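Okay, structure first, notes after.
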Amino acid sequence: MEDLVSEDPAARAADNAAVVTERDRPVTFRTVLAIREYRAIYASVLVSWLGDYLAKAAVTVLVYQRSESVLMSAAAFAVSFLPWIIGGTLLSALAERYPYRRVLIFADLARMVPLALLLLPQVPIPIMLVLVFLISLGTPPTQAARSALLPQVVGRDKLPTAVILNQTTGQAAQVFGYLVGAALAAGIGPRVALTVDLITFAISAALIAVGVQHRPAASARAHRSHLLDESAQGFRLVFGRRTLRSIASMIFVLTAFSIVPEGLAAAWAAQGNPDPVTRGLDQGLIMAAGPIGYVIGGLVIGRLIAPSRRDKLVRPLALLSVMPLIPALLAPPPVVVSLLVLCAGLAQGGLVPTLNAKFVLILPHGYRARAYGVMQTGTQLSQFSGVIVTGLLADRFFLPMVVGLWSIGGMLVMGWMAARWPSDRMFAAAVDAGARASAAPTQVARGVAAVPTRITPERT
């Protein structure tokens, strides 16, 4: 039975206690990083993200060099989102059927094969796009398994801090990976960056194999149903409970309104700017400002703000996440736009990890991976919809006016959602219910159902 629990005493207590909540004193990053299994997961996440963002930048450059087509280059970037949109919930539900550790290792090793084929010379562009799609198929089960494994490793009391650390690191890796990947691809060659990505997959798999303990699958074989039914259970869980539905809706709306600067950065930077070098710099500033603000906001909120105060900041941060871009109506210069995006990113960095941590705490063990798949699928669709709608509007109307009015709409929607936000008592009851519903290690080991066989809505 020892391999079923974390080496961290607080995590073991969290797995067995009926009600465990985060202490009112902030848990530090050092405390979380002191857990050996978490260090392995964190290192695996870091190298994997760096490799992925390096590869995304490199693939777009490689396709553009081969095709000299902006459309094909954009398609090479966008195809990596398709697995989430067309099958993210199914792939995430699949992760529940096998031990999370095995899913993480297998996905890393399997993705090395199509990535190695990308390194071959003279690969036709359609084949390259197919290979990128195959590589991306491993992302939903990997991210879902990692998200579901995290509470078992760090314990429920340390989970919010671990989520903040993971997400801020991911944003930093995005900025670094895109910049370095583009520089490597343009200066040395895209295949160098792809080779680095190939190595990171091997390192990531090795870190998980060596540093993470074996745990049984979250879904016992006797309690499995059809994969489509299991995916539908994830949807019913997320949208059938008011607390989870409120969190999911706020994240989806926030994503649709906050992705706009990144999606329209190229066109925004080109307005009235004939110099291609300056346009590129302005575009980079606009695109990087959001992740940089997110990192700073996440670190400040996670390190300095007590958990009880984080919950009270959800409503104001929701408004501040979309409000800063309203002055875009005045058509400010790109540097000012970057500062506005930075301010929005600060609020988002404080809000999103808090919502994500609370979401995971409410989920019962055995549903976390598929619920994560629902969230990621919704997030990808929200990003796609936000960029497409504002892009179509910006083709017909003045771009700064579109962004400013879009942000006003976002503030109104966020204000309505904040007014209907569930009470602290309801969230506390939902977290307690999630702790009770999560399986005791002995039940999982015996193949007993770890979660309710019927998902019941919460009482208001």
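Here the Cβ of each residue, glycine as well, is placed from N, Cα and C on the backbone.
The transmembrane segment annotation in TrEMBL covers 40-64 (among others). Same-chain residues lying 6 or more positions outside the transmembrane segment (40-64) and placing a CB less than 8 Å from one of its CB atoms are 33, 70, 72-77, 80, 104, 108, 115, 118, 125, 128-129, 132, 135, 142, 146, 149-150, 153, 165-166, 169-170, 173-174, 176-178, 180-182, 184-186, 190-194, 196-201, 203-204, 207-208, 210-212.
Per TrEMBL, transmembrane segment is recorded for 70-94 (among others).
Tertiary neighbourhood of the transmembrane segment (115-137): same-chain residues 55, 59, 62-63, 66-67, 72, 75-76, 79-83, 91, 191, 194-195, 197-198, 201, selected by CB-CB distance under 8 Å and a gap of 6+ residues from either end. The transmembrane segment annotation in TrEMBL covers 115-137 (among others).
For 192-212 (among others), the entry in TrEMBL reads transmembrane segment. Remote same-chain residues near the transmembrane segment (192-212) are listed as 36-37, 39-41, 43-45, 47-48, 50-52, 54-55, 57-59, 62, 101, 104-105, 108-109, 111-112, 115-116, 118-119, 149, 153, 180-181, 184-185 (criterion: CB distance under 8 Å, separation of at least six residues from the stretch ends).
Among the features that TrEMBL reports, transmembrane segment is placed at 247-270 (among others).
For the transmembrane segment (285-305), same-chain residues at least 6 beyond its ends with a Cβ under 8 Å from one of its own Cβ atoms are 26, 28-29, 160-161, 164-165, 167-168, 171-172, 174-175, 178-179, 258, 261-262, 265, 268-269, 313, 334-335, 337-339, 341-350, 352-354. Residues or ranges marked as transmembrane segment by TrEMBL: 285-305 (among others).
Using a Cβ-Cβ cut-off under 8 Å and counting only residues 6 or more beyond its ends in the same chain, the transmembrane segment (317-347) has close neighbours at 250, 254, 257-258, 260-261, 268-269, 273, 282, 285-286, 288-294, 296-297, 300, 354, 398, 400-401, 403-408, 410-411, 414-415, 417-418. Annotation source TrEMBL lists transmembrane segment at 317-347 (among others).
The transmembrane segment annotation in TrEMBL covers 397-419 (among others). Residues 246, 249-250, 253-254, 256-258, 260-261, 264, 267-268, 271, 314-315, 318-319, 321-332, 390 of the same chain, all 6+ positions outside the transmembrane segment (397-419), place their C-beta atoms under 8 angstroms from a C-beta of that stretch.
If one looks beyond the transmembrane segment (247-270) by at least 6 residues along the same chain, the residues whose Cβ comes under 8 Å of a Cβ in the stretch are 238-239, 279-280, 282-283, 286-287, 289-290, 318, 321-322, 325, 334, 337, 341, 344, 348, 351-352, 355-356, 358-359, 374-375, 378-379, 381-383, 385-387, 390-391, 394, 399-400, 403, 406-407, 409-410, 413-414, 417.
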